[in-house]
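Visitor: This is the structure I want to talk about, given as structure tokens.
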């Protein structure tokens with residue numbers, strides 16, 4: 001009696017659910033499917049070949065569009081537009097024919113219906129699988145078409161080129177608290193991951209942008225040169241070692257974590273000719289690394305020499321350069337630097353001159369300018385532009401000048417009215433070499449220290465930033481980060497950045513929330529109080545340090561109490577204070593102890609009656 005029902009179910013193609021539920025067959029009317037694995041693999045392989053072919057065609061199409069855009073000259077005439085439209089149509093028809101031919105070829109290779117018909121048969125549920133293919137389907141964009149985002153980007157870049165102020169990343173700032181005294185040295189490693197600051201408080205602090213959170217704390221602080229002010233800090237070209245120049249005569253090299261690598265030797269200060277000493281004999285002024293050779297660095301000192309050193313040889317300098325005044329006398333170099341290619345060495349001297357040597361020839365200067373700055377002032381900074389042709393000098397005569405070293409007689413441009421009270425006030429070029437930056441000094445309570453930006457070509461003042469109510473000593477514009485670091489006279493290191501224009505650096509640490517203090521760090525020690533324990537197991541209760549100190553004071557061994565003087569006859573090998581003679585006994589008893597142990601109030605009131613009857617001191621004075 002089931003045969004008609006089965007026949008009906010087979011005709012319909014689907015089992016009757018009520019019948020299946022009644023009979024207890026969940027899969028009633030379904031047939032077992034057989035799979036041909038080889039056919040499936042072959043189908044998959046063909047599908048992959050087809051997809052890769054389509055991707056390659058789309059890429060070729062994009063390349064053709066780009067070449068057409070490059071060679072296409074836009075025409076404003078209607079005829080030109082009409083011709084371009086017809087050309088586009090013809091190109092489209094050509095492309096369509098090519099596409100149709102390729103599709104015909106692919107259809108010849110494939111057995112069964114085409115991919116498009118299969119995808120249309122699949123229905124809307126499987127469209128998401130073919131989104132990747134849909135990116136490449138359809139006619140190419142017309143040659144004159146541009147995305148609106150590209151237009152906006154081009155407009156922004158054009159505006160930035162026209163207005164260099166927009167390139168200055170100063171929309172945001174963070175403040176790193178180095179200490180309370182002047183931040184006299186700043187250094188950033190080439191990758192921009194770590195900042196080091198040094199100051200008049202002898203400290204060098206390490207700041208790791210990736211490891212810092214919003215509390216902005218240094219991860220290491222040390223005093224590499226004991227009680228000497230830090231004059232200069234700089235990472236080498238590879239960023240693995242740091243040059244530390246301080247107020248003593250020996251420069252130091254530290255590794256990335258602050259551990260000493262080498263210390264320059266001190267010269268013999270009793271030798272007159274500075275060439276014959278192995279190192280500096282007086283206070284250092286400045287120093288810097290060679291831009292190409294990672295083991296070589298340069299220092300200048302009050303002994304009137306500029307010396308180059310090798311990290312691997314701390315026993316002796318490599319070469320000595322001796323700046324000379326017009327009269328041929330010794331003159332003190334206050335700052336020194338390498339050119340960008342490392343072939344020249346420049347020094348600014350106390351007589352106002354700038355002297356430049358060839359690195360390989362230490363006797364005669366290659367370029368020099370005798371009256372670059374006012375005589376007797378400390379030229380605090382020399383820096384070469386990134387293209388290597390321009391030299392900028394920051395003078396102690398409140399000026400900033402730029403020079404072409406090929407025409408070194410007079411400056412290309414000069415700006416004055418920039419007060420400088422520090423022997424390390426510096427200047428630097430922007431990463432695109434178009435802007436020159438320097439800071440100004442102020443006296444206490446005399447306003448705010450500022451950061452000035454000058455256009456290199458015309459020396460027009462573009463912009464200024466009020467940094468803080470103290471002098472701006474150091475400034476550094478890092479080319480990779482596009483961030484400006486500033487060291488100030490009140491112990492701050494500020495970092496200026498722009499979330500859009502700047503990379504990494506300060507952007508990494510401002511987004512991190514402050515870490516919670518661990519409970520173990522805040523509690524000194526956990527004391528377990530066990531009041532009912534036996535004396536043997538009872539722990540000593542916590543006592544305050546004051547009580548412990550008082551107890552120690554009573555202990556003669558701990559407090560090292562001196563022995564009291566011997567009273568009466570001497571004993572224990574010590575002579576008595578007064579001896580045992582008659583004269584000493586009389587002397588001892590003359591000054592007897594006459595302390596009055598009576599009530600002090602009664603002792604005073606004893607004279608009250610006499611004072612009332614016969615006033616002698618106070619009353620007559622007030623009466624008169």
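Backbone N, Cα and C atoms are what each Cβ position is placed from, and that goes for glycine too.
Just so you know, TrEMBL annotations never went through curation; they're auto-generated.
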Visitor: Please identify the range among 540-574, 575-609 that TrEMBL labels region 'Disordered'.
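Guide: Result: 540-574 is the stretch TrEMBL calls region 'Disordered'.
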Visitor: I'd like to know the mean pLDDT over the repeat 'WD' (382-406).
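Guide: Value for the repeat 'WD' (382-406), mean pLDDT as a whole number: 88.
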Visitor: Sort the residues of the repeat 'WD' (176-208) into helix, strand and coil with DSSP and give the three counts.
Guide: 0 helix, 19 strand, 14 coil
Visitor: How many of the residues that make up the repeat 'WD' (338-358) does DSSP mark as helix, as strand and as coil?
Guide: 0 helix, 12 strand, 9 coil
